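**Q** Sharing a structure below in structure tokens format, with a few things to ask.
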């Protein structure tokens, strides 16, 4: 810096003076204390020279206020005061940024200068170009003493700059480690600073502290006793709690939750709650803190209807989903598109590039690892279905998520056979979904791990609906896929019984789908398997008249079992007389024909064994004609109308014919009614040797003569099955007779002896039982005789058949004897009822007679020779006396009926010695002599 000669006098040109002053300011040294002190002295000397010039204007600056003589004078307080003492000095001189010396004093924390400026008229609330006041600057810089001075001088504490920031907000923005930050904030709030004023970014002091994670400031703002911050105030559509949750400031969250509305949504289109923010940002611990508050709505839905669980599941936050469920979240709630959280979860996995198990995610201190299996176990209702009728396992199977399906199958509460509840469409099981989507590994997995999976049964049961919806090819492919899975070399999946006890082949035969039957037959299913009712697939096919399917089954059978004769009648029509069932000798398979004429081919065929089933009742009586046995039949009918047993030779064949009938147990008298039921029985023809094949003829009967449906090959088998069926018929006949007796008993209880025809009904019933006993004796004696005389039966076979006959006899006789005892009891009860009714009638007659006794007594008095009545009194006396007698008699009857006898006796005979004699009864007898002259009263 060039020093000015001492003897040189300053120029009086103001412009030159200002220029020299400004030039000196620009030459401010950067180093050296001595040089700096010399420079300062030079500046102060120039200012003193300015003060000596009375007309010199010191209110100028070059660019900034710091370049003004006023501010430079602050380097020496006495010179600064001299400058302020000049009347022309402007204490509010500002630079291009509109800053005054007061701002510089605040920046330099020069309280003395600030005080001098204030005294000189400097404005406390002067605003610079950014709209800041000295208080704003002091708060922003953290100058506590300056803040205190300005507040003491009534600075505007809630002034807002161009960005609408208040001094409190600027103080909050101070570094959290600033030593005087909390004191300044507390001072501002104490002096009335409003903590809820936001800047143009809608940031309030509270949200600013949260964004800075300043726990102490947050606590100070919330605990202030002067003016508490509004925790629910929006900041750019966000609440304070929402911001704290996003940053997972746990301590701040703890401070906010008691005062915040925990379910308050953001003020924007997303409408997120603090819980939704915690889930979206995967803030596990923040989520936990929110859920610990009982006010938190764990199922709060956003505008799209998605709940916190749905959001967590959609982002695969397994740990958070478990946390939500533990706090009562409903995992089955749907959004506006009817999708559950699990659907979003599967969608996220399906469209992601990985299929690793969810629990392989590396655990961090911030996010605990979530086991998906634990999530499944924690589900309150794992089998719940959404509005589309789908369960979680159903969705997982469709998406082909192997890991998720495995976790579901480990849970014992999960039902793998649960069908979808889809209205108007085919309802699938999880296995069906996997098979339909060609997830072969899932089909194998679910079938292997779940032995009770019934998806194959279900597909076949609803095959028509499936075919109508998706087409036959797709339906058959699903069946093939299911049949192809199972243990190696074992078709056990095709032998599973559903709830109704039916297996896949039963269902396929019932539905009549021959293509499904072919697929099952290729899988080597068991042809003669029974359902819970004992029916086989062949019986189902016959019942539904699926003839092609029945023939396919018969061709594969080596032995015909379990088929009843009634099953064959299902395929017959009205024109069918016989159903012919035969087994071919060469191939061994079975088949049948329908014979539409009364006569059938009864001759033996070397190529087959044949069973003829009579389809019409009126044809059975014509069978003997075919064997030229009409005369034999007439002879048998003459012997007994209840059983006919014919054995004869015919054209080198041995013919046997058994026909039985039962009496009609109809008690209604009718001249035209039948006395016996329609006959039924069995006939067979064979060669002269016992080893020859047999043609068997069976009459139509409810039930089956051959319960197992096989074609018998010997006399013993035929007679044995006939006797077993005869036993069933006798049990039925006895049951019918017993029911009729039960009907009589019910009628007797209702009529209570008032039915005059009841005795006749008992007699009629006894007559029928006598006929039934006669029929039984005819059956037993004839069958026993024929069995013993049949030389084709070995002795041991005869013994077995005799045992069956004896069993029929003993069972029927026991039932008839029981009925006899029951009828005798009915007769005794009926007689008791009749006796009781007669006694009641006599009693009523006695009371009617007794009523007239008082009148007769009165009339006798007036008709006798009594001195008292010699003047012939008026007839009205007779009426009065008769009425009193009737009333007296009625009163005595009421006393005797409703008052205990001992009380009456004690009152009537009180004080008499004869009371004991009459204690038990009173007899009042009115006896009038035949001539009407004498009256005797006896007590």
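Count begins at 1; order follows the chain as displayed.
Just so you know, glycine gets a Cβ as well, placed from its N, Cα and C.
Curation does not apply to TrEMBL; its annotations are automatic.
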**Q** Pick from 791-811, 812-832, 875-895: which stretch is listed in TrEMBL under transmembrane segment?
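**A** When 791-811, 812-832, 875-895 are checked in TrEMBL, transmembrane segment belongs to 875-895.
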**Q** Select from 750-768, 769-787, 845-863 the stretch of residues annotated by TrEMBL as transmembrane segment.
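**A** In TrEMBL, the transmembrane segment feature sits at 845-863.
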**Q** When the repeat 'ANK' (533-565) is classified with DSSP, how many of its residues are helical, how many are strand and how many are coil?
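**A** The counts are 18 helix, 0 strand, 15 coil.
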**Q** By a Cβ-Cβ criterion of under 8 Å, what residues six or more beyond either terminus of the repeat 'ANK' (500-532) are in contact with it?
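**A** Same-chain contacts beyond the flanks: 456-457, 460-461, 463-464, 472, 476, 479-480, 483, 491, 494, 538, 540-541, 543-544, 546, 548-550, 552-553, 556-557, 559, 561-562.
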**Q** Treating G and I as helix alongside H, and B as strand alongside E, what does DSSP give for the repeat 'ANK' (163-200) in helix, strand and coil?
**A** 16 helix, 0 strand, 22 coil
**Q** For the repeat 'ANK' (500-532), what are the DSSP-based totals of helix, strand and coil residues?
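**A** Breakdown, helix to coil: 17 helix, 0 strand, 16 coil.
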**Q** Residue counts in helix (H, G, I), strand (E, B) and coil for the repeat 'ANK' (304-336), per DSSP?
**A** 16 helix, 1 strand, 16 coil
